[in-house]
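Positions annotated as coiled coil by Swiss-Prot: 338-369. The domain 'Septin-type G' feature in Swiss-Prot is assigned to 41-314; the stated evidence is sequence analysis. The feature phosphothreonine is assigned by Swiss-Prot to Thr13, Thr336. For 51-58, the entry in Swiss-Prot reads region 'G1 motif'. Marked as region 'G3 motif' by Swiss-Prot on the basis of sequence analysis: 108-111.
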Amino acid sequence: MSTGLRYKSKLATPEDKQDIDKQYVGFATLPNQVHRKSVKKGFDFTLMVAGESGLGKSTLVHSLFLTDLYKDRKLLSAEERISQTVEILKHTVDIEEKGVKLKLTIVDTPGFGDAVNNTECWKPITDYVDQQFEQYFRDESGLNRKNIQDNRVHCCLYFISPFGHGLRPVDVGFMKALHEKVNIVPLIAKADCLVPSEIRKLKERIREEIDKFGIHVYQFPECDSDEDEDFKQQDRELKESAPFAVIGSNTVVEAKGQRVRGRLYPWGIVEVENQAHCDFVKLRNMLIRTHMHDLKDVTCDVHYENYRAHCIQQMTSKLTQDSRMESPIPILPLPTPDAETEKLIRMKDEELRRMQEMLQRMKQQMQDQ
């Protein structure tokens, strides 16, 4: 027994370390290499905020990123708002936290939903999103692709008024016009105007109307099976809380001996970061801490790819039409397959299917052994 203990406590010799080094290739450091390169390069994120005036869009952005992007903003009178057309304003700021740099771009849409006639008031916004896709497509197709500036909109926070009974026609029109182009995250603005039971009813009504009108809002990705239980629980809470009921505030008030951001009312204090009062913390966690990269991935892999495929299809169609017009020899349509050819194709498909099934059975047998 004592010999075994002495053997277990034996220190590794230089020869043992050399043997370990020989077995170690080194590609396990790839995540660290990617991390260092990404941190050095920095990250960029473009967030669009949309909704009618007075719903606290700029205040919420300030609360999310602790950065004032609207220092030079001019407040318009009621008459100016009615006559104002929809504008697109960009605010860009560089934020650094613990050595990680983020280039944040906020795309604001003043004038949206404020006119008497709001027919297709979302057209300038959809045009802007398409213009960013077009610019990225041109840069990607050019000769110099090393430093492409990504100005594509990665997420749109759409503010819904808490004073209605669900979605208004302008809300439905906006989201249906953009849901195939950008990740839409609907928010119930100024949640402190409602009691908890009213918030629950409004959330349920909005979810029903989103399904009814076929609106595709941003869907949270499913958790992997190897994720820990805390992350799975957080993911479930996010999905159950959508659409998020939010409150924004730039004012620091004192509550229970602590200084917190919130709003002071005669009946009490509403704390922005108190999850019993609103979903601000859930929105911040989703947008910044857990799903920012997924929002960028969906923008690139789904929305932009759809736009890119459409552009390539149009270009191919135009080239085909031009070649038909310029060709001295008429291009005949391809002959339709006869019955014998179709029969042969079906036989080949059936043969291929049988081979695939046989390979699948062999693979299963090998796994069982």
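Cβ atoms are placed via backbone N, Cα and C, with glycine included.
Within the same chain, residues 48-50, 53, 57-58, 81, 84-91, 121, 124-125 sit at least 6 positions outside the region 'G3 motif' (108-111) and bring their C-beta atoms closer than 8 Å to a C-beta of that stretch. Sequence-distant neighbours of the coiled coil (338-369) (same chain, 6+ residues past either end, Cβ-Cβ under 8 Å): none. Note on the domain 'Septin-type G' (41-314): mean pLDDT across this stretch is 85.
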